[in-house]
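Written below as structure tokens is the structure these notes are about.
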């Protein structure tokens, strides 16, 4: 008779001690969290949380937050493509038709603004949090779109494009940070591809909405007005999304980080997520990151890899294709509206394929295959522009090469860098290192957009496309030598691998 009573009492005592231990997690400041985990028996963690196949959290919890964050990528794609088809109408209405430098400025001023925004994005994301950074980036995009839509002079158009660019400069790096930090490790690559898919949809949306521009006077103004709507939705919807638990933990707000983890992963995974976070992201790591730390010492290697990847991505010539595809296709005798549809479909279909493959093949394999395929595609365009090929053969090589180039770009070189870099950057420098790398991205993007048409006139398509192909092959060699695979690894495991603790 006494044995069942003793068993019940023992069970109740153990249950009471467990509840007390769990409540301690809620009360402990972040810097003491690791000590509690180390004292506990970790057998439960090993049994319940470290088997990824048995304990993956539901993707449905984090997906709505990812969906809202990718509105910034949609806006990025939209504003990249919004001047593609309407550029001729804009130049006629505003009085700079035939001035290739002015046309280049309409494209590139947005990129100059993005450079300004990206320089401050890391400090904004670290200072105000990821959610507030999204809301702050939406404001200049709404105002800038309105200014561009009502512009009556070139100066007014450039000012509006500059404001939009500032918002775009803040948004994409924060989106990459946010998606990386709120995604479960097993699906982080797939979510990272959502950024590129949103980019494609934005680009396609801009191309489609620009189709009537040649038939309806002033339609290009509608194209700019439309972009204010998703920017407003971003600002409102982000108020209901989770804050990054990584950012909260760095601020010493571990209780709030647990609450956000519960929203993103479910209650059963909170304890292990906090245990993983405590390995490296200490609450006493909130001291200011100096800019000089990013350029030498133990952080130089990862910042160099990130900056070079973004530089090679842009030097491949991809945005020259997006900005001026209408002009290039017209010279080949293909109607620009049909060409834009094909470019958009190639971009979107490859992005969907990348989403499926990212967590299966891995980041490095996709990067290698993508850059190599882009080099081959540029080779087709060089052949199409040569004097040895003429007629329909030249047309097929030129158009086919460009579509293949877009397709292979969207398989890896497009989506991977924005996901890979927040993965390889240590938590302490993640936001500011992304700001530096995105600044490199925007500088090169600016000059490619500004100089593509003049260089096409001066050098001719053969030599210019050969230069782009060469940069693609340089990228293949660089990725093979310097990039590590991050598929399926937690952010803490990646940090330990790249920056052994001193």
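Just so it is clear, glycine is given a Cβ too, placed from its N, Cα and C backbone atoms.
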Which range of 31-51, 136-156 is transmembrane segment in TrEMBL? It is 136-156
When you check the transmembrane segment (162-179) against the transmembrane segment (338-358), do you get at least 3 Cβ pairs under 8 Å, counting only pairs 6 or more apart in sequence? no
Do any residues of this chain, six or more beyond the ends of the transmembrane segment (302-326), have a C-beta under 8 angstroms from a C-beta of it, and if so which? 80-81, 83-85, 87, 107, 203, 294-295, 336, 339-340, 343, 371, 374, 378, 402, 405-406, 409, 413-414, 417, 420-421, 424-426, 429, 433-434, 436-438, 440-441, 444-445, 448-449, 452-453, 464-465, 468, 471-472, 474-475, 478-479, 482-483, 498-499
May I ask which of the stretches 101-124, 219-241, 338-358, 365-389 has the most CB pairs under 8 A with the transmembrane segment (433-456)? 101-124
How about the transmembrane segment (136-156) and the transmembrane segment (462-479): do they have 3 or more C-beta pairs under 8 A, pairs 6 or more apart in sequence? no
